[in-house]
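Take this structure first; my questions come after.
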Amino acid sequence: MKFLDQVKIYVRSGNGGAGAVSFRREKYIEYGGPDGGDGGRGGDVWIEAVEGLNTLIDYRYQQHFKAGTGVHGMGRNRHGAAGEDVVLKVPVGTEVLDEDKNLIVDMDEAGKRYLLAKGGNGGFGNTHFKGPVNQAPRHANPGLPGEERAIWLRLKLIADVGLVGLPNAGKSTFLAAASAAKPKIADYPFTTLAPNLGVVDLSVGERFVLADIPGLIEGAHEGAGIGTRFLGHIERTAVLIHLVDGTQEDIVGAWRTVRHELEAYGADLADKPEILALNKIDALDEETRAEKQAQLAEAAGMDVRLVSGFTGENVTELLREAFALVRERKRAAAEEAAGPSEGWTP
């Protein structure tokens with residue numbers, strides 16, 4: 001299935017049905033009076049987050065959505081039926097923005113629903129206008145028009161851990177080694193053109209979602225290369241795994257480039273817990289491994305792990321470390337949401 005993470009759509013709720021002008025006509029009843037029913041309410045347009053989706057591709061082929069019009073009222077005080085609602089189903093993690101890209105709602109939980117456009121009310125039938133002066137009103141209200149708006153849908157995948165690095169740093173190979181995902185893998189930059197998700201199963205109770213995004217290059221925050229469009233997919237992650245290609249000459253420069261792009265993008269990406277790893281060590285001898293590990297650790301001011309996505313060397317250990325950080329972050333978030341505990345006093 002093709003990946004699409006941003007699309008503009010147009011929604012319109014249904015118009016309300018018109019009220020009816022009708023009079024009671026029955027045998028032996030000379031002056032039956034008005035009995036026009038009200039029009040039905042126009043249909044609403046809703047958006048709902050559902051599990052099992054990870055792309056907005058369905059909205060590439062249809063961008064206009066209109067709810068049903070309310071049915072007009074009828075005689076004998078029969079009200080019209082309401083128009084049919086439209087429910088737009090989107091992946092969990094989809095943001096809804098107005099035409100100016102201001103956030104309307106974040107569909108961050110499965111089952112969450114939000115009203116995008118409310119249907120117009122139905123018009124009153126002539127029964128409502130009967131009075132002591134006018135006992136046979138010959139007019140009714142038309143239904144109110146529905147609402148119309150243009151909105152943007154922007155998907156930010158929900159993953160626990162994000163993989164970052166320059167193009168060809170071996171992120172897709174690492175994802176394939178860590179999970180059952182089957183991303184496209186080739187020995188050239190920008191092989192990955194869309195985010196990939198994989199579920200990492202370390203053991204019972206040790207499971208998390210790993211996201212691989214297209215590689216960053218210098219100036220990505222200004223739109224260079226693929227730009228930072230896909231960085232939004234790691235905004236929700238708890239931990240970053242930063243892979244540096246150990247076979248290249250300037251490993252420190254590679255690390256600095258990615259760090260700069262994370263800081264320039266904002267959204268606190270640069271402040272997330274980060275595991276720095278030198279990848280492709282299967283192509284290095286022991287002496288070169290140690291030399292490059294020390295060089296990168298000194299520049300970054302943090303420990304550097306040695307891994308090989310190709311052979312799987314040290315991959316499990318790195319994933320367990322990432323899971324421990326994810327668990328710690330989730331525990332801290334839960335405690336913060338619960339608020340300070342009040343001590344019991346007699």
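In case you wondered, yes, glycine gets a Cβ from its N, Cα and C as well.
Okay, these came from Swiss-Prot:
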- 1-158: domain 'Obg' (DOMAIN)
- 159-327: domain 'OBG-type G' (DOMAIN)
- 165-172, 190-194, 212-215, 279-282, 308-310: GTP binding site (BINDING)
- SER172, THR192: Mg(2+) binding site (BINDING)
In the structure shown, which of the binding-site residues LYS171, LYS280 has the fewest other Cβ atoms within 10 Å?
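It is LYS280 that, of the binding-site residues LYS171, LYS280, has the fewest other Cβ atoms within 10 Å.
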Please compute the mean pLDDT of the model over the domain 'Obg' (1-158).
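Residues in the domain 'Obg' (1-158) carry a mean pLDDT of 92 in this prediction.
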Let's check the environment of ASN168 (GTP binding site): how many other CB atoms sit within 10 Å of its CB?
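For ASN168 (GTP binding site), the 10 Å Cβ neighbour count is 19.
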Using DSSP and collapsing to three states, where does PRO214 (GTP binding site) fall: helix, strand or coil?
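In the DSSP reduction, PRO214 (GTP binding site) maps to coil.
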For GLY165 (GTP binding site), list the number of other Cβ atoms lying within 10 Å of its Cβ atom.
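GLY165 (GTP binding site) is surrounded by 25 other Cβ atoms within 10 Å.
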Just to verify a number: CA distance, SER308 (GTP binding site) to SER172 (Mg(2+) binding site), in angstrom, no decimals.
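One finds 12 Å between the Cα atoms of these residues.
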